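Q: Take this structure first; my questions come after.
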Amino acid sequence: MSARTPLPTVNERDTENHTSVDGYTETHIPPAKSSSRQNLPRCRNSITSATDEQPHIGNYRLQKTIGKGNFAKVKLARHVLTGREVAVKIIDKTQLNPTSLQKLFREVRIMKILNHPNIVKLFEVIETEKTLYLVMEYASGGEVFDYLVAHGRMKEKEARAKFRQIVSAVQYCHQKCIVHRDLKAENLLLDADMNIKIADFGFSNEFTVGNKLDTFCGSPPYAAPELFQGKKYDGPEVDVWSLGVILYTLVSGSLPFDGQNLKELRERVLRGKYRIPFYMSTDCENLLKKLLVLNPIKRGSLEQIMKDRWMNVGHEEEELKPYSEPELDLSDAKRIDIMVTMGFARDEINDALVSQKYDEVMATYILLGRKPPEFEGGESLSSGSLCQRSRPSSDLNNSTLQSPAHLKVQRSISANQKQRRFSDHAGPSIPPAVSYTKRPQANSVESEQKEEWGKDTARRLGSTTVGSKSEVTASPLVGPDRKKSTASPSNNVYSGGSMARRNTYVCERSTDRYAALQNGRDSSLTEMSASSMSSAGSTVASAGPSARPRHQKSMSTSGHPIKVTLPTIKDGSEAYRPGAAQRVPAASPSAHSISASTPDRTRFPRGSSSRSTFHGEQLRERRSAAYNGPPASPSHETGAFAHARRGTSTGIISKITSKFVRRDPSEGEASGRADTARGSSGDPKERDKDEGKEAKPRSLRFTWSMKTTSSMDPNDMLREIRKVLDANTCDYEQKERFLLFCVHGDARQDSLVQWEMEVCKLPRLSLNGVRFKRISGTSIAFKNIASKIANELKL
């Protein structure tokens with residue numbers, strides 16, 4: 001993979017009738033078919049009858065749905081041979097037209113040739129006649145976007161650590177002649193160690209010097225001025241502009257360019273004027289002036305940006321340099337020996353690795369080089385469906401590799417630095433104490449498609465982060481001090497606003513694009529319909545009353561691999577945020593209005609995990625759905641986020657919310673709230689007795705979503721939470737011993753908010769905390785009710 005394989009360049013005009021697939025949207029270079037052995041084998045050892053019922057795809061036991069759309073769904077899965085967690089994206093090829101399939105496979109092909117520690121990585125491709133399965137790593141840190149929503153702007157030291165990784169990864173793509181074209185906060189993921197992973201290569205393409213690209217794609221607030229002008233471009237320069245917007249966003253928590261509609265946004269981008277916050281350093285301001293340059297010819301190259309003073313503050317002896325891709329370790333004797341015990345032949349292993357087949361053999365080899373999943377709360381590795389029976393706590397101690405100097409950052413949550421302890425190909429030593437399951441000889445096929453390809457919308461499928469191939473020390477983590485700072489006006493942006501998700505879209509032809517972007521045609525953008533898979537609200541409110549508006553997610557027309565988190569409440573109602581909290585993917589029941597000062601502001605329809613691609617001619621045919629922006633008030637800065645979040649109102653989250661929705665009496669149903677789980681779950685005191693005192697709260701490593709902490713007994717905390725919920729007329733259902741699913745508001749008035757409250761253990765602080773996690777509803781409505789409840793809790 002170190003030698004770049006030339007990619008066929010897809011004609012930029014060849015994209016009409018494009019239909020996006022959750023994050024995979026551009027070209028047909030068929031991936032290697034999976035071997036016959038890949039027909040869904042099972043792990044023989046340590047499988048109980050319960051786990052036996054779980055569906056399989058290849059060597060992966062599917063567990064939870066973490067994203068779903070019209071043509072694809074994403075499942076959290078576990079590799080039965082190694083026990084590693086992965087994300088499996090299941091795409092129904094029969095629903096895609098030839099152009100969409102071509103783009104889908106181009107994205108897969110591009111992902112195969114990228115090998116950088118800060119870019120998501122593909123593990124395995126399994127293709128059948130009707131379905132494509134993409135196996136990727138699942139990341140637990142969530143999006144940078146969600147991080148900003150929850151915590152506000154980053155301090156420059158923290159932003160620098162992240163931005164160095166972003167620049168390194170993008171420059172690596174450019175040196176391989178690949179342009180991303182959809183760089184934004186939503187497409188930047190964080191792994192368990194808070195390292196950046198760039199995701200969603202659905203709009204990426206190969207570029208060649210002298211040949212211009214002409215597709216206008218990406219999210220408008222991050223789009224370069226030449227795109228708004230309908231000009232052709234080389235490629236890298238549009239990514240450089242987007243990086244400038246990202247840097248501004250990291251440091252300020254708001255966008256440098258924004259508008260109430262596309263016309264206003266276009267005018268501001270073409271002016272190139274943006275507000276410099278008082279707290280921004282001069283060095284950072286100077287770097288922005290190199291990135292956000294109107295003339296693309298004068299815009300700095302990433303090689304020049306790497307040498308910038310701000311980029312290297314604190315790294316004077318390890319100036320950021322272009323990433324040198326290491327030689328792949330294709331002959332790790334320990335991993336190969338383990339695979340032989342699983343039933344793989346040595347010749348088969350060698351052939352798969354040398355040919356880079358991305359089949360079950362290569363995937364197993366790569367996964368063996370990655371650190372095993374960490375189990376909290378004393379969970380045993382032999383439980384559930386794991387085939388890896390035991391794992392010494394020190395099994396990876398000797399596998400730490402030195403991270404590239406330009407990617408080294410320190411972890412702020414503790415005094416000692418913790419390095420990433422694994423590498424995909426320069427694999428760690430595998431301790432002999434770890435035993436793995438033999439590969440079965442007989443292959444059974446279990447179709448996992450019991451669920452229909454739902455039209456239930458999920459929150460954007462995010463992108464699964466994929467393993468780094470060289471070691472990187474952890475980026476700064478969030479500690480308790482960070483939580484406090486989010487409530488501080490000094491570290492929060494302007495009040496009343498909200499950082500909104502932005503739609504990524506495509507105009508293929510310059511004539512169509514030009515028409516769509518003219519002053520008199522700003523309404524053409526409003527004719528875009530909502531994406532086929534709209535996402536549910538997923539932002540996390542700050543830890544307390546904040547004077548800063550929150551980031552509203554940019555919705556892209558191309559989908560993401562997936563965002564990772566832990567399992568969710570139910571199949572079909574999960575999400576991927578850190579802390580194992582579960583999100584319910586579904587259409588948001590509310591149209592989100594952030595500020596009373598902009599009641600009649602039109603809004604971009606909430607996009608989806610797989611973002612629909614829009615073309616110039618399609619713009620004229622689709623109904624109005626205006627681009628949302630902040631009020632055009634002189635008191636608002638150009639970069640302030642004041643966008644409304646809007647979800648499709650076609651349905652409330654099925655399976656869960658039906659019991660909470662207020663019904664209109666005229667529909668023949670009982671008015672008021674339907675029976676709540678609170679009523680059906682029985683007396684809380686009786687339930688406490690029934691479940692016994694042995695149950696313990698789940699342990700969390702981080703305090704990101706903690707509204708409050710206490711030394712009180714968890715059962716007493718749970719009773720206090722119920723008391724406050726009752727006092728605020730909130731409905732709730734006890735999903736687990738210390739987990740409540742809560743609902744407040746009226747769906748008919750678009751004020752319905754759904755969230756989780758969980759009592760968790762914080763072992764590092766020797767305290768218990770209350771974790772809040774929004775599932776649906778506007779970020780402002782959630783923040784209001786969550787803050788009210790948190791303030792009333794007497795813990």
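Indices start at 1 and increase along the chain as displayed.
Just so it is clear, glycine is given a Cβ too, placed from its N, Cα and C backbone atoms.
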Q: Could you check Swiss-Prot and say which of SER399, SER423, SER468, SER635 is marked as phosphoserine?
A: SER423
Q: At a 10 A cut-off on CB-CB distances, which of the recorded positions ASN70, SER219 has the highest count?
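A: Per the Cβ count, the most surrounded site is SER219.
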Q: DSSP secondary structure for ILE66 (ATP binding site), reduced to helix/strand/coil, please.
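A: Strand, per DSSP.
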Q: How long is the line from the C-alpha of THR208 (phosphothreonine) to the C-alpha of VAL74 (ATP binding site), rounded to the nearest angstrom?
A: 34
Q: Count the other Cβ atoms sitting within 10 Å of the Cβ of THR208 (phosphothreonine), across every protein chain shown.
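A: 12, counting other Cβ atoms within 10 Å of THR208 (phosphothreonine).
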Q: Validating a neighbour-count step here. Other CB atoms within 10 A of the CB of LYS68 (ATP binding site): how many?
A: 30
Q: Per DSSP, ALA72 (ATP binding site) is which: helix, strand or coil?
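A: Note: ALA72 (ATP binding site) is in a strand by DSSP.
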Q: Which residue counts does DSSP yield for the domain 'KA1' (746-795) in the helix, strand and coil classes, in that order?
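A: The domain 'KA1' (746-795) comes out at 17 helix, 20 strand, 13 coil.
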